[in-house]
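Report on one structure; see the data block that follows.
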Amino acid sequence: MGSMEEEQPLIEEGPIQEYAEDGSTDINGNPPLKHKTGNWKACPFILGNECCERLAYYGIAMNLITYLTAELHQGNVSAARNVTTWQGTCCITSLLGALLADAYWGRYWTIACFSLIYFIGMSALTLSASVPYLKPSDCVGGFCPAPTTSQYLTFFLGLYLIALGTGGIKPCVSSFGADQFDENDSKERVRKSSFFNWFYFSINIGAFGSLGLVLVQENIGWGLGFGIPTVFMGLAIISFFFGTPLYRFQKPRGSPVTRVCQVLVAAFRKMNLTVPQDPTLLFQNETKHIKHSDDYNCLDKAAVLSAQEDVSDQWRLCCVTQVEEVKILIRMFPIWASGIVFSSLYSQISTLFVQQGRAMNCEIGSFKIPPATLAVFDCISVLIWVPLYDKLIVPLARRFTETDKGFTVLQRMGIGLFVSVLGIASAAVVEIVRLGNAGSGNAVSLTVFWQVPQYFILGAAEVFYFVGQLEFFYDQSPDSMRSLCSALGQLNFAVGSYLSSVIVTVVTYFTTVDGGGGWIADDLDEGHLDYFFWLLAGLSCLNAAVYVFSAVNYKQKNAL
């Protein structure tokens, strides 16, 4: 996949710059001094915010399926569907946060406002598990009473306020962190690439810390187990505001949706006009240009300057840069779409991997391991692979590729897709062994630690794919659409989560038509979860092949 993407050369030495030259400002609206703002000095507060917020999020998400089955008395299929639907909603709402950031509020204020909504949601969730009137009733013998309407309402209100809050934060934090590095400074440009690695490292530090919350939830109580991440969400907000004097701010540049619609409408109105062969004859009035490209020429009609044209009416005449922004989004779509199956596969970590673990031997002596805590090996894998990639793999790859990033972003994502197939195949093999062991009549079932390889392999796939995806959407997106394009990564995970819900529903329907328990039975010993994992592996192989074709033919953004 060596020809997938052109790369910038290794670091170029240039004159020392006193001010950032990327159009950013400091908190007072002035050009930011480079030695006082941005760069790595501003990043600890952003990374600290992300670490605490992710600890809060995973403190809820990682063991949510257990709460739904053990406390709200839902079945495996209903609980898995609720988890993936909520996870998808957490990502869908990122479109709202991205649009507000790019068009009106800017990334800083969007993060600040939605963090408060997040905190309110966490508080409501804690109350639903702490206040006796709002707590679901315990099972008595074999009878499990259904939760009341008020109990359901309080729990899901808190849960979906969290989904709204995280939707305003996720598309903005990584982009806001990358904004602290001046793209026009060759040294800061390379540091920005490294920032995405350590940003994802911070995410997994938070996820790693949340594993202790699983132990609290299952051994002490859900009220305390939800209350602790609520406190950490408060710390996330404090950390973010502490760094305010050091931040660099990019001004919102208008609604990206409006800019896209203007191009489509203007091109439709001029569908009968001919595009001139000389692209310099097309209309251009913006100081920061994107080079004209030869594909999707029908959109160039939006920039054709006809007789007596009103140049102020952007619904009839758009500049070349605005047209090229739409072309960039179109080119990015196949790369974006390739992550849907990957995200669907990754969502199994918090759903069916946990249920698979529950059907295994979770005891070490007298101590019982909550199966959700095995996600620690996914976190450990990431914490190992991020510094390994940044400090060893990249310098080694540079010797062969002669580019500052070692691998191109598209190559990195492609590697992640292929590694993920190995991860889900490992889960299928473990399930085959588990079913064989369960059917042999052995008194002691297979130990849950057989799941470790599947978590560890998917952790490696994350480092390659998800970090590469973060950098891809930031670097390749138009300047006016950076939050929106970062939200595309979240939307990718949302569609993947919804796809997982659909696949579970469809598989359950077709495998229970004969009256059996189906592949995903409430008692997994009577099902065939291995078949489901092999189905995901097959879809992932097909997805990887489509990705390679799309990546080889991808044309990257070229700014003048």
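Numbering starts at 1 and runs along the chain as displayed.
Glycine too: its Cβ is placed from the backbone N, Cα and C atoms.
According to TrEMBL, the features are:
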TRANSMEM  108-131  transmembrane segment
TRANSMEM  151-173  transmembrane segment
TRANSMEM  194-216  transmembrane segment
TRANSMEM  222-243  transmembrane segment
TRANSMEM  335-354  transmembrane segment
TRANSMEM  374-394  transmembrane segment
TRANSMEM  415-435  transmembrane segment
TRANSMEM  455-474  transmembrane segment
TRANSMEM  486-511  transmembrane segment
TRANSMEM  531-554  transmembrane segment
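Two recorded stretches are said to be in contact when at least 3 C-beta pairs lie under 8 angstroms, sequence spacing 6 or more; the transmembrane segment (151-173) and the transmembrane segment (455-474) fall short of this definition. Recorded stretches compared: 108-131, 194-216, 222-243, 335-354, 415-435; the one with the most Cβ pairs under 8 Å to the transmembrane segment (374-394) is 194-216. Beyond the ends of the transmembrane segment (531-554), by six or more residues, the same chain brings 1, 3-5, 331, 334-335, 337-338, 340-342, 344-345, 348, 352, 410-411, 413-414, 417-418, 420-421, 424-425, 427-428, 431, 503-504, 507, 519-520 to within a C-beta distance below 8 angstroms of the stretch.
Here the transmembrane segment (222-243) does not lie next to the transmembrane segment (335-354) in space: the count of CB pairs under 8 Å, restricted to residues six or more apart, is fewer than 3. Among residues of the same chain six or more beyond the transmembrane segment (335-354), those with a C-beta under 8 A of the stretch's C-beta atoms are 61-66, 80, 83-84, 87, 371-372, 374-375, 378, 410, 413, 416-417, 420, 423-424, 427, 451, 454-455, 458, 461-462, 465, 469, 472, 488-489, 491-497, 499-500, 503, 520, 529, 532-533, 536, 539-540, 542-544, 546-547, 550-551, 554. Packing against the transmembrane segment (486-511) from elsewhere in the chain are residues 77, 80-81, 84-85, 87-92, 94-95, 97-98, 167, 170-172, 174-175, 332, 336, 339-348, 351, 466, 469-470, 473-474, 477, 518-520, 528, 532, 535-536: each is 6 or more residues past its ends and has a CB under 8 Å from a CB in it.
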